[in-house]
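Peer 1: Here it is, the structure, as structure tokens.
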Amino acid sequence: MAEPQPASSGLTDETAFSCCSDPDPSTKDFLLQQTMLRIKDPKKSLDFYTRVLGLTLLQKLDFPAMKFSLYFLAYEDKNDIPKDKSEKTAWTFSRKATLELTHNWGTEDDETQSYHNGNSDPRGFGHIGIAVPDVYSACKRFEELGVKFVKKPDDGKMKGLAFIQDPDGYWIEILNPNKIATII
């Protein structure tokens, strides 16, 4: 368990856990299914998330009346994706931890269009995290692919983890779950 923190640093472990309730039995089958990011250019974003990070496009849904499309990605085998549209939709929405990319049509051609990544004022959303077997090997590959870094593994005080940016400037933490305990 972490060392007790001074009052000015936030909640102590004890206080944090005392603020939490045991899950209601009715939530037993709930799951965190998706995180959504708005994107400017689906061609750039789909290339980044599939080629650079290795995610698989599970499904694309278009909403012509509202002029937007949704792209659902996850770490899944593309051969497991059902062919039937209804079955595919139910399957997609039952996966754990999917990334939903929302594209509002026309933003890719608007030079003034950009999205706030939450890491500058006013702060809000921070990042998503990707677990990898070897942070240094992954980052070497990212460098070779020309990926923009916010933090390389040996920068700063927290050694062994990195932050990269996607085409819209969203931050992505690159971590190794087996080594994270030695970092924090």
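Note that Cβ sites are derived from N, Cα and C of the backbone, with glycine treated the same way.
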Peer 1: The substrate site in Swiss-Prot lists Gln34, Arg38, Arg123, His127, Lys157, Met158. Which one of Asn104, Asn176 belongs there according to the record?
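Peer 2: My reading of Swiss-Prot gives Asn104 as the candidate in that site.
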Peer 1: Can you tell which of Lys40, Lys78, Lys88 Swiss-Prot marks as N6-succinyllysine?
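Peer 2: Among Lys40, Lys78, Lys88, the one Swiss-Prot marks as N6-succinyllysine is Lys88.
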Peer 1: Looking at N6-succinyllysine as annotated by Swiss-Prot, pick the matching residue from Lys96, Lys148, Lys159.
Peer 2: Lys148
Peer 1: Using a 10 Å radius around each Cβ and counting other Cβ atoms from all shown chains, which of the binding-site residues Arg123, His127 yields the largest count?
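Peer 2: Max Cβ neighbours within 10 Å, all protein chains included: His127.
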Peer 1: Given the recorded positions Lys88, Asn104, Thr107, Cys139, which lie close to Glu173 (active site, proton donor/acceptor), meaning Cα to Cα within 10 A?
Peer 2: none
Peer 1: Over the domain 'VOC' (31-177), what is the model's average pLDDT?
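Peer 2: For the domain 'VOC' (31-177), the model's average pLDDT rounds to 97.
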Peer 1: Tally every other Cβ atom lying within 10 Å of the Cβ atom of Glu173 (active site, proton donor/acceptor).
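Peer 2: Looking across every protein chain shown, the total is 18.
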